[in-house]
Amino acid sequence: MSDYKKTLCLPKTKFPMKANLKQREPEMLKRWEETGVYEKMVEANAEAEQYVLHDGPPYANGHIHMGTAMNKVLKDIIVKSRNLQGMKAEYVPGWDCHGLPIEHKVEQELKKKKKELPTTVIRKLCREYAAKFVDIQRKEFKRLGVLGNWEDPYLTMKPEYEAATARELGRFMEKGSVIRGKKPIHWCCDCRTALAEAEVEYEDHTSPSIYVRFPLNDEKVLKALPEDVASKVDLSRTYVCIWTTTPWTIPDNMAVAVHPEFEYAVTEVNGDIYILAERLLPVCAESFGWESWNVLATVAGAKLEGAVAKHPIYDRKSPVVLADYVTLDSGTGCVHTAPGHGREDFETGLKNGLEVYSPMNNSGVFLKEVEFFAGMNVWEANPKVIEKLEEVGNLLAQEKISHSYPHCWRCKEPVIFRATTQWFIGMEENDLRKKALKAIKDDVEWLPAWGENRIYSMVENRPDWCISRQRNWGVPIIALICEDCDEVYNDPEWVFSVVDEFEKHERGCDYWFEKSIEEIVPEGLKCPKCGGNHWTKEDDILDVWFDSGTSFAAVVEKRKEHRFPADLYLEGSDQHRGWFHSSLLASVGTRDVPPYKTVLTHGYVVDKDGRKMSKSIGNVIAPQEIIDQHGAEILRMWVSAVNYQEDVRISDEILSRMVDTYRRVRNTCRYILGNLDGFNPETDAVAPADMLPIDHFALDLVNRQHEVIQKAYTNFEFHKVYHTLHNLCTTELSAFYLDIIKDRLYVSGEKSLERRSAQTVLWQTMLMLLKDMAPILSFTAEEAYSHMPEEMKGSAETVFAIRPELLKPSIDDAERKRWELLMDVRTEVTKAIEPLRREKVIGHSLDTKITLFANEEIAKALEGIERREFFIVSGVEIKPLAEASDDAVKPEELEGLSIKVEKAQGEKCSRCWRYDTLGTNAEHPELCPRCAAVLAG
């Protein structure tokens, strides 16, 4: 018997079956860096339309986690896909380097020494700490295969960035939008600083819930009542009732607010008179333990205005005032009002001339003037206030409640509302709120669409933007304060001159902290209010959200890689209240336009059960763990596979599925590359019109799937890319087309039309696969590209620079429907053969002959194709459906067809393994006529 294996055109490629990603990926990263792959990708589109994805800066603190890894991979997919689509998309990564978390870490390392060190030294240590983690995270992001300008990222602590941030503040000052005043803001007693809305997280918290009575010995109460009722009221035993979950604010009470239109019940209980909302009376009575009560009258809240109650602890007045925000959802309908500790309280205080009283230090400790509670922090004061109220007889009831309460994003401790002198950007100044809302509706595409309503509601209801922080590590608020009268000097011309110095200074805005007041104050400057000349520098720094929110000015407008406005901002959905929000206000406030055209958000990464990752639960999966076990490619594939616009799950099981999918895609690439050996497109390519029918159809099929994938990239539907690519490789290629043409590729003459026709489709398929894979499976696409025969590559030195000119088949819908029907027929034939294989009657489908009893439509569809090749059998006979034998299989899912499967007749060809008549060629007695003809040339 002759060895005919050598006469077959078997696949030949050095592209390995085993990926060995953990070893190969670092080698490829090194090669990318040495050969400048990122630059080559961008240069390929040097003259093309620019696409700007502006990177939201991650915080330079700690290692990357799954959320930041997913974010960076998503951005990388977009940048690479846009470049491969012919746009010039450059990626400038950035880092947020200022702020409390870094300062906290430095303080922890310094311990008690921090009090002895000047601000300049603390800032130097913060700068070094941030720089260290920029380097750590940069290596971790690069390990994910993310391409970008890693050597020149933007850092919010660079002098040019700090200057740009300060300049934007100057622009707001120039427009008159910056206000300095005393207002209640979120305050963290542990961090000793104001907090922005975006720095507050709401968590479940248990608080004391107390009902308190305020003595109301005022004749005005009697005037509000009918005469017959007034005569029964003993003012010395009359009270207005309030409810609060913050007992510590009772010492700072300045008023009691009622709704002008609500009805209030004047209720007698054991000789005492209580005033509270009529609708809430039954619930309150139960809480107070009243077994019986008598409503003497009801009175509109408006009639109680001006009555003066007495503070429940101190000898101080608490007037009754009107407020529309009072509700009947809970409490008593009478609201304890402390203008120093609540936004609505503050507004009510302004309207009614109440003192904004908040006698505590930055740690939330009551000052000496606060009788009974001096020296206690607010949380220590809670039980003491309750004790005092009980002692003086004004505590009606107390209990514990669990509710959603604001906590500091950094230290995770509960925060308070506290009125302090702060700097604000006024939301009504220059119509900032109105302009921002219009921009949200008219000028930005929000993906998912619900993002629009979310940010619209936030901007619509937000207070003025508190931009000051009482810390060291950040950009200073450039202003001088008169020591004699507290007047502010922030003339824009002077502000911009200081900004210019920041830009020149080696350490940027350290200039402000290093220079003495004499070096900074303009010569001869006198206070315009009092004429004094004693000035001090403003100590506060800018909110880090203002820092990062002005990145459009520092980066998008300034760097050659970008242009304003950016095409896309992409971050987690929490950034509707964070970076998207601050960037919008900063841009609209100075330029009247938003900084972005499209805003795309992703969800959080959770575990397999949908739980948030937490060290305490022990369910944290770090990116490095996945890379060490599977390689970055598998993590990248996972990012593409999930619907990232929602919260996404990750687990070992999910990653195992990714590994299986990856293996199938890799094997498909390897098979195609192996069968392209010896193929030169310039001399061997077959025009679509000259191809074999199935090749023509396959080319059309792959083209259509390629278009689906490219459209999905354009629409940010990466899970659609993943599923289409997976289906193409496993079903439409491996299980269908590649399976069918294997015989022809191996057995036909090396240069025959049959083989070259199939190879042309494989060449085109590989080009499309590379373009479709590269944004996601970047390492594998580059590896596969490096193993392509040189004559197929063109001038591109990297897969990210390929711009393939694809052959376009011309197939009409009728022909497509014909092939879809044929694919269905083939599926049913495969099913019919399977029982024989399972029962070991046959070893391979080539051991069979099939008879198809077909209706007219199916019979016609089967005309003009090489049927034995199509069904991978040794014989095919077509007969009318009416002649179907009893032993024929009748498919349930395809009408008009019956299939009879039997063992093939003839002898098995030693070369192609088909059963046929052998020995027609005396030189090759073991071969079928087809194989003998191939060898005869």
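Counting starts with 1 at the first residue shown.
Glycine is no exception: its Cβ is also placed from the backbone N, Cα and C atoms.
For E571 (L-isoleucyl-5'-AMP binding site), the count of additional Cβ atoms within 10 Å of its Cβ stands at 21 [all protein chains shown]. Here Swiss-Prot flags E571 as L-isoleucyl-5'-AMP binding site.
If you look up Swiss-Prot, you'll see K615 marked as ATP binding site, on the strength of sequence analysis. Cβ neighbours within 10 Å of K615 (ATP binding site), excluding its own Cβ and spanning all shown chains: 7.
Annotation comment: Swiss-Prot describes C909, C912, C928, C931 as Zn(2+) binding site. C912 (Zn(2+) binding site) counts 22 other C-beta atoms within 10 Å of its own C-beta, drawing on all protein chains shown. C912 (Zn(2+) binding site) carries neither a helix nor a strand DSSP state and counts as coil.
The motif ''HIGH' region' feature in Swiss-Prot is assigned to 58-68. Outside the motif ''HIGH' region' (58-68) by six or more residues, the chain places 95-97, 99, 101-102, 105, 129-131, 133-134, 136-137, 140-141, 155, 572, 604-605, 613, 620-624, 650 with a CB less than 8 A from a CB of the stretch.
According to Swiss-Prot, the feature motif ''KMSKS' region' maps to 612-616. Long-range Cβ contacts of the motif ''KMSKS' region' (612-616) within its own chain (Cβ-Cβ under 8 Å, at least 6 residues beyond either end) map to 65-66, 604-606.
Secondary structure at C928 (Zn(2+) binding site), taken from DSSP and collapsed to helix, strand or coil, is coil. K615 (ATP binding site) and C928 (Zn(2+) binding site) are 68 Å apart (CA-CA, integer value).
Within the same chain, residues at least 6 positions away in sequence whose Cβ sits under 8 Å from that of C909 (Zn(2+) binding site) are Y915, D916, L918, E926, L927, C928, C931. Rounded to the nearest whole angstrom, the C-alpha distance between E571 (L-isoleucyl-5'-AMP binding site) and C912 (Zn(2+) binding site) is 56.
When Cβ atoms from all protein chains are considered, those within 10 Å of C931 (Zn(2+) binding site) total 25, not counting its own. Between the CA atoms of K615 (ATP binding site) and C912 (Zn(2+) binding site) there is a gap of 60 Å. Other than C909, C912, C928, C931, the residues of this chain whose Cβ falls within 8 Å of the Cβ centroid of the Zn(2+) site are, in sequence order, V747, S910, R911, W913, R914, D916, L918, L927, P929, R930, A932.
Its Cβ placed at the centre, C928 (Zn(2+) binding site) has 27 other Cβ atoms within 10 Å.
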